[in-house]
Amino acid sequence: MGASPSRPLEQSPSSSEGENHRVKYASYTTQGFRPHMEDALAVELDLDATTSFFGVYDGHGGAEVAMYCAKRFHTMLLEDVDYINNLPNAITSVCFRLDDDLQRSNEWRESLNPCANRNCLTNICANLHHFTEDYVPPSYEGSTACVVIIRGNQIIVGNVGDSRCVLSKNGQAISLSFDHKPHHEAERERIQRAGGHVFLQRILGMLATSRAIGDFAYKQNRNMPPSQQMVTCVPDIRVENITDDTEFLVIASDGVWDGMRNNNVVQFVRQELRPGEENLRETCEKLVGHCLHSNDNATAILVKFKPIEEDPDEVASARDEHQHNPEGGDEKLDINNDND
């Protein structure tokens, strides 16, 4: 059946929090009632001076693919040629690069468990031929990836699989991702064209998500490109503008969304974040705890947006223009020129 599942991880619930000039965040992750932990997350508040990164990775068949995604996704993003000018392209490129790493050799797994002694390099060199010739990619181990990049006045979301991102705008729940499930029409048609079928809402009766990093047992049709395999790593991309009514977003694994609908999550968080009672870490923990009856690992990142600050240079420029043209005619001066 291919590579055996990675060694299960058992861990206590963990949380983190932080902030910069744009956002505040908190995260919480728990193994729940599952025997092993296969979720992973990554947060880089300042990936660069203008960019924040958040990612949730829900593993299946083992934890190591999710762990590798959490370790490498944002670093690969920084390295991508489209990182500065075309983040949607960069996100897509990273998804395929991760798949390539997993297919090529065992080096990705070695990077998660570096040798602790000086014989490490010797051992790797001695086994390099074995890795490249006889290495078996993770056949039934894979991971979702739901990543959120905040840059300037935009939120860019890339999603592979059934983890999810939901935004609250003035109390309205806005889905910023699409759950890739085998029973959805477009996904089912691709699966069937690649030679598969959907049974009990799973691919071949086994896999409950139709897009993932890894899972190479479902990517074996030599007549199809990677984007048209039964399981593909092609992400859906969504770009949303940040406006004055943008409140917060939640990125979470399906252990959360299986327990609560989007609107319920938004209302739950809004209730917890009442003015004067704001505690993001506690709110995130309560949200995940509320969903533990789903019997799955559960991971959530809560990102709260700070009020949009006016650009001092833009305000000064607008003020000067107004002073030069005090009458202004019928034209209204808008010093908060947000592009929606």
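Glycine is no exception: its Cβ is also placed from the backbone N, Cα and C atoms.
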Binding-site annotation, Swiss-Prot, Mn(2+) 2: partner of Asp58, Asp296 in Asp99, Asp100, Asp254: Asp254
Count of other CB atoms lying within 10 Å of the CB belonging to Asp254 (Mn(2+) 2 binding site): 24
Under 8 Å by Cβ from Asp58 (Mn(2+) 1 binding site), counting only residues of that chain that are 6 or more apart: Glu38, Asp39, Ala66, Ser143, Thr144, Gly161, Asp162, Ser163, Ser253, Asp254, Gly255, Asn297, Thr299
Other CB atoms, at most 10 A from the CB of Asp296 (Mn(2+) 2 binding site): 23
Nearest-integer angstrom distance between the alpha carbons (Cα) of Gly59 (Mn(2+) 1 binding site) and Asp296 (Mn(2+) 2 binding site): 11
DSSP-derived class (H/G/I helix, E/B strand, else coil) of Gly59 (Mn(2+) 1 binding site): strand
